[in-house]
């Protein structure tokens, strides 16, 4: 019995005196891809990734659709035209990157900027809807994926992250309010697009573009017919514009706007106030809309 007790005591002492592992032996969580990429290399990597994805996507789509989109698009026959097209893409990526946009922001921005182009091609040039949706998806994904790999989502895109970050007016990110703003955006897009189809676009298409076989879709346009398209634009506008605007807190710079005295101000101060004399929240909207 004494031998068993001494053995048990010895084992307990051994367990109590076991030394903890050294700090070098503690396994650390693996670094994310974003953390491993040097800061100065992120934007060039985003450009390269975007170009590769877009090239592969368009090549595959061209094979599957027998070059349907290419037959309706202007071809780049010279290196200058290719460079100009690539330059536009780089400017678009630079706007999103240095404008501190995340992957969801640039996806919605790309949808709003490229979506109308494909809508007009399908409506007046007979482009197949599946081809148009595929091309738009390639444009959006080839921009969003590089940003997703290299930059985290902004806190205002999820209510939980907004609450953790203590963003102001985060209750406005409630799904029901988001649906309301989406409905408002959809209504605005529907009215503007319907009026444009009836009174503006027919003349522009006839005077400036060739190959338009008929203008019947413009004059026969109805709110129900364009609702699927305008709903998509409404969702994108709500995500891209309303969310960052609603959660932007007032800044000290706003006091200078309200305290501006046009009588005592100098010429330079007056010019600055008229050109850029907006609150921080308004500047957020201008920044996103200008994209």
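Glycine residues also receive a Cβ, built from the backbone N, Cα and C atoms like all the rest.
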Note = Here TrEMBL annotates transmembrane segment, and of 85-117, 118-150 the range meant is 118-150
Message = For the feature transmembrane segment as recorded in TrEMBL, pick the matching range from 179-201, 248-270.
response = 179-201
Request  = Using a Cβ-Cβ cut-off of under 8 Å, list the residues of the same chain that are 6+ residues beyond the ends of the transmembrane segment (179-201) and lie near it.
outcome  = 120, 217-219, 221-223, 226-227, 229-231, 233-235, 237-238, 242
